[in-house]
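To start, the structure itself, in structure tokens.
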Amino acid sequence: MEEGRFLQWGVFRSLLAILQWWGFNVTVIIINKWIFQKLDFKFPLTVSCIHFICSSIGAYLVIKVLKLKPLIAVDPEDRWKRIFPMSFVFCINIVLGNVSLRYIPVSFMQTIKSFTPATTVFLQWLVWRRYFDRRIWASLVPIVGGILLTSITELSFNMFGFCAALFGCLATSTKTILAESLLHGYKFDSINTVYYMAPFATVILGLPALLLEGNGVVDWFHMHPAPWAAIAIIFSSGVLAFCLNFSIFYVIHSTTAVTFNVAGNLKVAVAVLISWLIFRNPISGLNSVGCAITLLGCTFYGYVRHMLSQQPPGTPRTPRTPRNKMELLPLVNNDKLDDKV
């Protein structure tokens with residue numbers, strides 16, 4: 001009886017964690033698209049900077065004031081040698097995501113983001129010369145094929161938005177690769193990641209946002225019929241963006257790796273469906289098929305990675321002995337933190 005109740009509570013907790021993660025993630029995406037499209041606030045650098053400011057304040061409150069999460073101490077020298085380069089890539093990743101969201105539909109942008117596993121594997125193989133099992137390479141085929149089909153059949157295709165989303169995948173992959181070398185020895189969760197990186201990202205992006213978009217923001221403020229209400233919506237997206245990071249921390253500790261992978265791909269499908277219901281961007285049948293193939297490919301890729309990670313040492317097809325010191329660096333598992341906004 002006790003075991004049954006405990007199991008039911010565990011399932012309910014996992015379901016609740018996934019639902020609130022989906023809610024925050026989809027809401028942030030939809031609000032950002034609404035800001036660019038409906039509020040006519042076409043300033044992705046400024047939106048990203050506001051998100052970083054809200055995340056910096058939120059992480060400080062959670063760790064320092066409310067003490068809901070212990071602070072992971074980082075050596076002051078490491079903050080500049082390790083955290084700052086990571087923050088720079090983190091900043092580029094978020095900015096490119098918002099830039100792509102301005103020019104292409106949510107459905108197309110989310111599908112392209114699913115290309116990240118392929119770019120990560122390819123860069124690790126190309127830059128680090130890391131070995132990957134043939135099954136990993138095979139699992140990437142439907143992802144690449146689905147992205148190609150989606151791109152070719154996208155009715156609202158925009159080259160600039162497409163390139164921004166694609167380079168955003170490369171930035172996410174680069175962040176993962178850098179984390180393996182720069183953050184070894186530190187076990188960051190999503191809240192501590194934001195605590196250290198968001199302030200750096202704010203400083204990095206603040207001046208470019210002011211120089212490139214400052215005058216445009218002032219003109220928009222004077223011309224918009226309800227500027228203060230619009231600003232409240234923009235800052236609320238920043239608050240929700242931080243809440244998304246907190247929800248990631250909760251869902252990681254409430255689900256297994258396989259559940260997280262499947263839920264993550266279903267989340268993309270939910271975001272695509274809700275965005276279509278709200279913005280009514282045209283989607284062809286082949287485009288939907290391409291999106292579905294991509295998501296199934298991502299699920300299969302996650303399953304293959306999980307199965308290979310369960311193999312005991314010495315199992316056939318286990319990665320070979322590293323050939324140099326770079327391959328001996330311990331890895332930091334940041335797969336579950338790539339969903340930060």
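Including glycine, each Cβ sits where the backbone N, Cα and C put it.
Among the features that TrEMBL reports, transmembrane segment is placed at 6-31 (among others).
Among the features that TrEMBL reports, domain 'Sugar phosphate transporter' is placed at 15-301.
What TrEMBL lists as transmembrane segment is 43-63 (among others).
Marked as transmembrane segment by TrEMBL: 83-104 (among others). The list of residues near the transmembrane segment (83-104) in space but at least 6 beyond its ends in sequence, with Cβ under 8 angstroms from a Cβ of it, reads 29, 32-33, 36, 42, 44-45, 47-48, 51-52, 74, 112-113, 154, 156-158, 160-162, 164-165, 167-168, 171-172, 174-175, 178-179, 182-183, 196-198, 200-201, 204-205, 340-341.
Residues or ranges marked as transmembrane segment by TrEMBL: 136-153 (among others). With a threshold of 8 Å between CB atoms, the same-chain residues lying at least 6 positions outside the transmembrane segment (136-153) that come near it are 108, 111-112, 114-115, 117-118, 121, 162, 284, 286-287, 289-298, 300-301, 303-305, 308.
Positions annotated as transmembrane segment by TrEMBL: 159-182 (among others).
What TrEMBL lists as transmembrane segment is 194-212 (among others).
TrEMBL lists 228-251 (among others) with the feature transmembrane segment.
Sequence annotations record features per position, and here TrEMBL assigns transmembrane segment to 258-279 (among others).
TrEMBL lists 285-304 (among others) with the feature transmembrane segment. Residues 107, 111, 114-115, 117, 133, 135-136, 138-155, 257-258, 261-262, 264-266, 268-269, 272 of the same chain, all 6+ positions outside the transmembrane segment (285-304), place their C-beta atoms under 8 angstroms from a C-beta of that stretch.
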Integer average pLDDT (0 to 100) for the domain 'Sugar phosphate transporter' (15-301): 90
Same-chain residues near the transmembrane segment (6-31), Cβ under 8 Å, at least 6 residues beyond its ends: 101, 106, 110, 233, 236-237, 240-241, 243-244, 247-248, 250-251, 254-255, 259, 263, 266-267, 270-271, 274-275, 278, 339, 341
